[in-house]
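Presented below is the structure to which this report refers.
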Amino acid sequence: MAALWTLSLLLSASLLGCLAMTSPDGSPLPHNLPPSLGTNISDGSLSVDLPMALRVFSMDYHHIQAPFEIVLWIMLASLAKLGFHWSGRVPAVVPESCVLIMVGLLVGGVIYGVRHSAPPTLSADAFFLFLLPPIVLDAGYFLPGRLFFENLGTILWYAVLGTLWNVLGIGLSLYGVCLLAQSSLGDVSLLHCLLFGSLIAAVDPVAVLSVFQEMQVNEQLHILVFGESLLNDAVTVVLYKLFESFLRLPSVSGLDVLLGGCRVVVVGIGGLCVGLFFGLLAALTSRFTSRAQVIAPLFVFLYSYLSYLTSEMLHFSGIMAIVTCAATMKQYVEANVSERSNTSIQYFLKMWSSVSETLIFIFLGVSTIQDIHMWSWPFVCSTLLLCLIWRATGVLLLTAFVNKLRRNAVTFRDQFIIAYGGLRGAICFSLVFLIDDFPKKRLFITTTIVVILFTVFVQGMTIKPLVELLYVKRKKRALPTLSEEIHSRLIDHLVAGIEDVVGYWGQHYWKDKFEQFNKKYLRRFLIRNDRQASSSILRVYQELERREQRGVEEEAPVDPRSQGRPLLPEEMESIRRILSRNLQNFNNKQTPAYSRHTLHQDTSVDRTRKPLYRHQSLGERYSYNTITHFQVHDGGLSEPQRVRTGLSRSHTVCSISPRSTLLDSSDSAGPAQTRSTDPKAAREDLVSPKHKETVERAARKHLSFVLENEKQQ
């Protein structure tokens, strides 16, 4: 642990040294030129002359400055993440995002103290083009499809209407605060308040996922919060660009508002179509990668990123496009590529998203140390309070309406966690820097930073104790078995049939229709012939195998310090004696085999026999059907008595000796004879060589069939 923090400090010092070699505006300092180059300063400008002498050692840092600093930042963020997971009980109390932001604040403060200027900030282009896509791609590729589409209506209800509720409520309320404080906030217009409300209402999926995955809440609550935060970003970005366009117009008319509403719909549907197109294209391409499996995972990343960039180019929703692309191509890509390629895709997506998430929180803390802050108590406190009030009222009102249409109602405890889990993060922080310059832009930046720090630190650190205090249902750790999946699908088909009979087109009806279309057309066209599963049960089994493998690999390691003390030698000896005694009792215990003709337990069976042996195959049972055992009473049995007395065969698997083996070898053509009670004489007289061989094989296999006389009624 100490070595990790020491290495982190060394990397921080190296990063500071690299930043010190550049001027505050980013231009290289003159003394950092290679020593082998001469200078000519007669006219006051620098010029490069021929080298005066050959140098054995030289340094050219500015040639590799950009990639070198990027690697140092990634290394620092990764070591901070590694140190967090090795910091004892800190992960159980403080979320990972809080620790990373604190590390960023520390690094930003040190850089500011050394350079006496603002540290480097995370630009909006770097965030939206390089850091956000891996996180959204990971969330979309591992999206639980069944839960997501079963709760799609509720998720859209929260993401679309809930976001509009928060944006309009916060924006209009802040405009009222600005009207009340005319002296300090009189120059803030209504459109500026709506623009700020659109960005401050963005619930960050990065912060939400990092907290909710640690808590292991139930599947329904997790998918509602996750889906709402994922689609909430698409809506807030569209609304932000819409209000930004309104601000650049000389005046806003009713027609502009109507066109703005149409633009929101077009942006969402356009991103959906772009993602669907590239998802199907990626699935089709993966069909032809059988001879080049090495590059198969590359197409997953390229097509996903290309869908995001294409949507941004066309001013569609990039988040919607990349989520749709990932969810569309997943089942077809997994069926086409090999297991090793699937493992590579999963590991690379997790690694890429984890690094991006860590860098976002680190730079969020670093970028907080700025010279551009402006403080206003009424505006900052009102924004913080309004964010909590409008989100809570929106969740309560929307859920009250949704519960009338849902079979599984959202409980009040889940509603409280949904409202309390509206964490803000890097999305609103990046959007606030894109605002065009106006007198109160610095106030918007300061207020955004305060809201982010409050939601991440206060709400993020207290939501886990609240989940435990309210006894919120947790996630089931065990993965579903094959039997559970089959029964679940049986119920789906049954409900779909009932909906079809009664003429109700519900979600099960449309799901069944899509499955039929998928099986009949899409899977045949997008999946190779040799990868076509012959049965849906086989596909379910393969999916469960992959899910179980991911669950085992992603299982959190057990802290050795949390385990109990080692057992003492006396305790080990006591456990050994108990196990030995129980094993001996189990070996001596003989349970009679079940016979449907026997209504009572036969007490004549010897219970002190050897351990049970394996069941024989059908061929072995058939070969031993000629072997019989019975007790012959004095005087024997006549033929009529033999007919009246029904003989039943009770199969008891046990260990016997050859001495108790009697063979029924009566001649079917001759009359009934009295059999000798001497087993040895009976074997010598009646047993043929072929039967002797069968008896010896039966003795070796330790199998006997006891023939018992039933009592006469």
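Using the three backbone atoms N, Cα and C, a Cβ is placed for every residue, glycine included.
TrEMBL does not curate its annotations; it predicts them automatically.
Annotated in TrEMBL:
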SIGNAL    1-20  signal peptide
TRANSMEM  61-80  transmembrane segment
DOMAIN    75-468  domain 'Cation/H+ exchanger transmembrane'
TRANSMEM  92-114  transmembrane segment
TRANSMEM  126-143  transmembrane segment
TRANSMEM  155-177  transmembrane segment
TRANSMEM  189-211  transmembrane segment
TRANSMEM  263-284  transmembrane segment
TRANSMEM  345-369  transmembrane segment
TRANSMEM  375-403  transmembrane segment
TRANSMEM  415-435  transmembrane segment
TRANSMEM  447-467  transmembrane segment
DOMAIN    564-617  domain 'Sodium/hydrogen exchanger regulatory region'
COMPBIAS  659-676  compositional bias 'Polar residues'
REGION    659-695  region 'Disordered'
COMPBIAS  677-695  compositional bias 'Basic and acidic residues'
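Sequence-remote contacts of a segment are chain residues at least 6 beyond its ends whose Cβ falls under 8 Å from one of its Cβ atoms, and for the transmembrane segment (155-177) they are 148, 185, 188, 190, 193-198, 200-201, 223-224, 227-228, 230-232, 234-236, 239, 378-379, 382-383, 386-387, 390-391, 393-395, 397-398, 401-402, 418. For the domain 'Sodium/hydrogen exchanger regulatory region' (564-617), the predicted model reports an average pLDDT of 55.
Contacts between the transmembrane segment (447-467) and the transmembrane segment (263-284): absent, as fewer than 3 C-beta pairs lie under 8 angstroms at sequence separation of six or more. Ranked by Cβ pairs under 8 Å to the transmembrane segment (345-369), the stretches 61-80, 92-114, 263-284, 375-403 are led by 92-114. Most Cβ pairs under 8 Å with the transmembrane segment (61-80) belong to 92-114, among the candidate stretches 92-114, 263-284, 375-403. Long-range contacts of the transmembrane segment (263-284) within its own chain (CB-CB distance under 8 A, at least 6 residues past either end) are made by residues 234-235, 238-239, 242, 299-300, 303-304, 306-307, 310-311, 314-329, 332-333, 336, 525-527.
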